[in-house]
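Following: one structure in structure tokens, then a few remarks.
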Amino acid sequence: MQPSSPSTSHCSQVSIKVQHKIAKKKPIRRKRVDLDCGCSYYLHLNCNNHGFTHRGTHHCSSGREWRFYLGDKQSPLFQDNRTQPEAISNEPRHHFHSDKIQPQHQEGNGDSQMFSRLPNLDDITASDWSFLKSI
């Protein structure tokens with residue numbers, strides 16, 4: 001069937017399946033980091049100043065240290081090629097506590113807002129109990 005438009009340059013949107021296939025073919029820019037315990041992880045090259053704890057040791061990807069491989073079987077040489085801008089500010093946040101234990105709310109003896117309309121447990125009838133058990 002011939003197109004209804006006389007124009008020869010028809011523009012159509014690329015389907016999402018084709019876009020996904022193209023995106024999957026793009027190489028992932030990441031580096032492999034080997035830990036002292038023998039484990040390794042892959043770090044995206046645009047990711048810096050994020051850390052995690054593994055087997056009791058804290059690891060931080062500062063971005064200043066990168067691996068330059070000399071060959072197949074040679075050890076990696078660590079070099080400091082640049083300084084990345086700091087991604088996390090040092091400002092204190094609302095959840096920052098210098099001590100490890102977070103303060104707990106005090107328990108009260110009065111009615112809470114949630115249970116303020118409940119009747120006294122002594123006033124609950126047998127039919128109320130059977131209804132609650134059926135739930």
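Quick reminder: no glycine exception, Cβ is built from N, Cα and C everywhere.
What Swiss-Prot annotates here:
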type: COMPBIAS; residues: 77-87; note: compositional bias 'Polar residues'
type: COMPBIAS; residues: 101-115; note: compositional bias 'Polar residues'
type: REGION; residues: 77-117; note: region 'Disordered'
type: REGION; residues: 120-135; note: region 'Transactivation'
type: MOTIF; residues: 17-32; note: motif 'Nuclear localization signal'
type: ZN_FING; residues: 37-54; note: zinc finger
Contact set, same chain, for the region 'Transactivation' (120-135): CB under 8 Å, 6 or more residues outside the stretch: none
PLDDT averaged over every residue in the motif 'Nuclear localization signal' (17-32): 82
